[in-house]
Each structure stands twice: as C-alpha cells, then as structure tokens.
Amino acid sequence: MLVLPIIGLTGGIASGKSTVSRILQELGFAIIDADRIARDILTPGHPAYQKVIDTFGKNILTEDGQIDRAKLGKIVFGNREKLLVLNSITHPEVLKEIRKKIKELTSSGIDWIVLDIPLLFEAKMTSLVDEIWVVYVPEEEQLKRLMARNGFSRDEALARIRAQMPLEEKVKLADVVIDNSGSIESTREQILTILQKWKWKDWSKK
C-alpha cells in the first residue's frame, strides 16, 4: 500500500498556518495540532502542569487553578532564559504526545497526516515528518495580524515574533513554501497544486 509522507506544517505566529491546516483537513488529512497538545499538558493532572507552577510560581494560576497563559506569556516572552526553561519542561511532553498520536493514526490505517506545529524547527522535531511546509507572510503582515487578533501592542507582538526562529530562515529549510499573504482562495489553489504534483487525486480514490 502506498503511504503518504507526513507533512510538518509550520510557520511564524499569525502567518495563517491554521488556515492552511483547515484546508488540508477539509481535503481529508488528519491533523495533529501541537498547540492544542501544548495547552492540554498544562492542565491539572499532567506532569508538566506542576513543574511549570513549581518553576514560575502560583501567581500564574487563575482562581480555579488553571495556568493563565497570558500571565505565563508575560514572564517568558522577552526573556530568552525563562522561555528556554519553559520549553525544556513542555517540549518533551509535547513530543511524547505527538509520537503517541502518530502511532495511533498509522496503526488505524490513516496515512494522510499533517503535524501542525509552530515550533517544528525550534523544538528540533523535524525528524517526525517527511516533508516540511512553511506558511509565509511578510513580517509587517504578521505584526498587523497579531496585533489585531490578540490586542497586542506593537512591542508585545514583536516580542512574540522574535521568540521564534525568523520566518525567512524557516523558508530556507522548507520543502514547500505557501504564500498566505493573499486570499484564502489563492492559498487553497497553492495547496491543490502541490498535492496534484503528489498525484493526490489518484490517492484520493483509494
């Protein structure tokens, strides 16, 4: 049986990666959402939850005992050392869950898999995928989208962008680059063109 490559979908914050992920899901791909996994491991009952509290203090908790991601973000974004400490706690747990989900999907016969992961390069998880797709927009567009979406000031948005590998560097390491600075239809057409080169229509008839 022909097995499709696992796509590693990445990009910069507010580059529109979720749009590409949604289009691929509509086309029949199973999506492993690393951001969702990262949120899940910071809920009560997970080992990373207590480690983060022990490291950054109880002031990051909400009244009902959840980790307030906004408070945690203010501590780590703009402070590389603290961000590295947080990543050293969360990345191993995220990796463990991703491997588990890939195994579950492939064992059940699903071979159209997309790993949607913003920090694919930063977390050194490229070995999990066969092909790397980077969603690209110019930095000024990133800033505009991030400020509008999250209500950040320009400095707050820049701090979050600077906490990731520059998007231009990710583009250099990509197998596929999707320009998401235009319309959704333009983005969709790019994706369909790429998949047609894979003879995707033949696979879709399996």
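Note: Cβ is positioned from N, Cα and C throughout, glycine not excepted.
Feature list (source: Swiss-Prot):
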- 6-206: domain 'DPCK' (DOMAIN)
- Ala14, Ser15, Gly16, Lys17, Ser18, Thr19: ATP binding site (BINDING)
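The structure, with features from Swiss-Prot marked on it.
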{"residue": "Ala14", "record": "ATP binding site", "Cβ contacts under 8 Å, 6 or more apart": "Val137, Gln142, Leu143, Arg145, Leu146, Arg149, Ala157"}
{"residue": "Ser15", "record": "ATP binding site", "Cβ contacts under 8 Å, 6 or more apart": "Val135, Tyr136, Val137, Gln142, Arg145, Leu167, Asn180"}
{"residue": "Gly16", "record": "ATP binding site", "Cβ contacts under 8 Å, 6 or more apart": "Val135, Val137, Arg145, Asn180, Thr187"}
{"residue": "Lys17", "record": "ATP binding site", "Cβ contacts under 8 Å, 6 or more apart": "Leu9, Thr10, Gly11, Asp116, Pro118, Val135, Asn180"}
{"residue": "Ser18", "record": "ATP binding site", "Cβ contacts under 8 Å, 6 or more apart": "Asp116"}
{"residue": "Thr19", "record": "ATP binding site", "Cβ contacts under 8 Å, 6 or more apart": "Val135, Asn180, Ile184, Thr187"}
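Note on the domain 'DPCK' (6-206): its mean pLDDT in the predicted model is 92.
Those same-chain residues not listed among Ala14, Ser15, Gly16, Lys17, Ser18, Thr19 yet with C-beta within 8 angstroms of the centroid of the ATP site C-beta atoms are Gly11, Val20, Val135, Val137, Arg145, Asn180.
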